[in-house]
Number of protein chains: 2
Amino acid sequence: MEKKRNISMAVIRRLPKYYRYLNELMKNDVDRISSKELSEKIGFTASQIRQDLNCFGDFGQQGYGYNVKDLYREISSILGLDEQYNTVLIGAGNIGQAIANYNFDKFGLTLKAIFDVNPKLIGIKIRDVEIQDIDNLEQFLKDNKVDIGVICVTKSSAQKICDTLVANGVKGIWNFAPVDLQADEEVKIENVHLSESLLTLTYLLNGRS
Amino acid sequence: MEKKRNISMAVIRRLPKYYRYLNELMKNDVDRISSKELSEKIGFTASQIRQDLNCFGDFGQQGYGYNVKDLYREISSILGLDEQYNTVLIGAGNIGQAIANYNFDKFGLTLKAIFDVNPKLIGIKIRDVEIQDIDNLEQFLKDNKVDIGVICVTKSSAQKICDTLVANGVKGIWNFAPVDLQADEEVKIENVHLSESLLTLTYLLNGRS
């Protein structure tokens with residue numbers, strides 16, 4: 001892993017969108033695309049596209065545009081998709097089960113274990129992974145190298161689970177609990193706050209300013 | 001509904017977080033809070049907090065800070081939470097079922113109907129709402145005023161569902177399909193792109209720049 005230059009989160013958050021559009025272009029057998037054509041599809045300006053991609057390297061060619069397959073591979077690598085991520089999921093309620101069923105293998109994640117407190121859920125399998133008692137979590141983390149922990153527990157349990165994960169070497173947290181988790185800076189936390197997304201929608205629909 | 005001033009999406013996206021923290025403070029019986037104290041909790045600078053809230057009104061008081069309950073009520077109203085939103089959900093797969101089970105009533109949404117193409121799902125109830133055949137969607141929208149459509153179908157069906165919703169007066173779309181939907185500007189679309197969130201995490205963990 002190379003040391004990252006100081007690239008803004010705004011740029012980083014646009015990268016997965018480039019990745020998604022380039023994937024679509026490849027599927028449609030498009031070999032090359034200009035920043036102007038890409039702009040019409042993706043909705044960013046051509047100059048923003050050039051600027052964003054220039055943060056990571058010199059990919060385009062004047063008068064030719066971007067080679068779709070090459071740029072896709074580059075962005076894939078930039079996004080860390082050359083790596084494999086051992087993953088555990090904690091909290092097999094509605095959201096947890098949906099995420100456990102979500103096909104994130106294509107992004108290099110392998111679901112190694114699922115944990116819950118609910119005795120009714122323990123022993124049930126989701127995609128061949130058995131739900132275990134949460135009491136097994138710590139030992140599992142000591143016995144297995146885990147890269148990403150997906151937290152789908154309640155707000156009140158999330159920080160404790162996060163602490164256990166981090167204390168046992170987990171460096172990435174995908175957090176679905178409606179709380180801002182605290183951890184060392186080297187731990188990367190990405191939140192999916194459904195209620196915040198929904199409140200943005202109600203604001204846009206009916207809010208006042 | 002009043003006409004909105006031109007407030008940036010960055011400010012708007014911070015509002016639900018203020019709402020969440022103020023809710024916590026109320027639960028903990030905190031009556032008032034300074035921007036400095038709020039800053040320590042929420043992680044924005046005190047000056048950003050004052051600036052954000054000033055976009056919407058004159059809420060704080062020099063030397064006193066913010067009255068928690070008043071500010072909570074104000075932000076609730078700013079976020080459009082005084083209103084009721086008749087809601088339909090389309091696509092009762094894993095994510096769709098999780099969202100249908102999600103307690104969004106507290107934000108004013110009432111789940112009126114769920115639709116799916118899968119005959120095995122039709123007739124099943126989630127929180128007392130029966131899953132209907134997708135063929136009923138258009139007629140349902142003609143017979144009922146629906147404010148928000150939650151799209152949890154596959155990428156390939158999402159735009160068609162969006163078109164049906166919009167053609168029948170739905171003004172808000174909460175989209176979980178991994179695609180950017182096209183609609184008139186007056187239609188508000190809020191996306192939850194899980195894969196983009198996950199790729200941000202893999203980038204932060206292992207990406208290169």
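Every residue, even glycine, has its Cβ placed from backbone N, Cα and C.
Automatic, uncurated: that is what TrEMBL annotation is.
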B:17-56, B:137-176 - the range that TrEMBL marks as DNA-binding region:
B:17-56
Applying a 10 Å Cβ distance cut-off over all chains shown, what neighbour count does B:N94 (NAD(+) binding site) have?
18
I need the least crowded one of these binding-site residues (B:G91, B:G93), counting other C-beta atoms within 10 angstroms of each C-beta.
B:G93
Suppose we call a site close when its Cβ is under 8 Å from a Cβ of chain A; which of the binding-site residues B:G91, B:A92, B:N94, B:I95 are close?
B:N94, B:I95
Are there residues of the same chain, six or more positions away from B:I95 (NAD(+) binding site), whose CB falls under 8 angstroms from its CB, and which are they?
B:C152, B:F176, B:L194
Cβ neighbour count within 10 Å of B:G96 (NAD(+) binding site):
24
Mean pLDDT for the domain 'CoA-binding' (B:80-180), as a whole number?
97
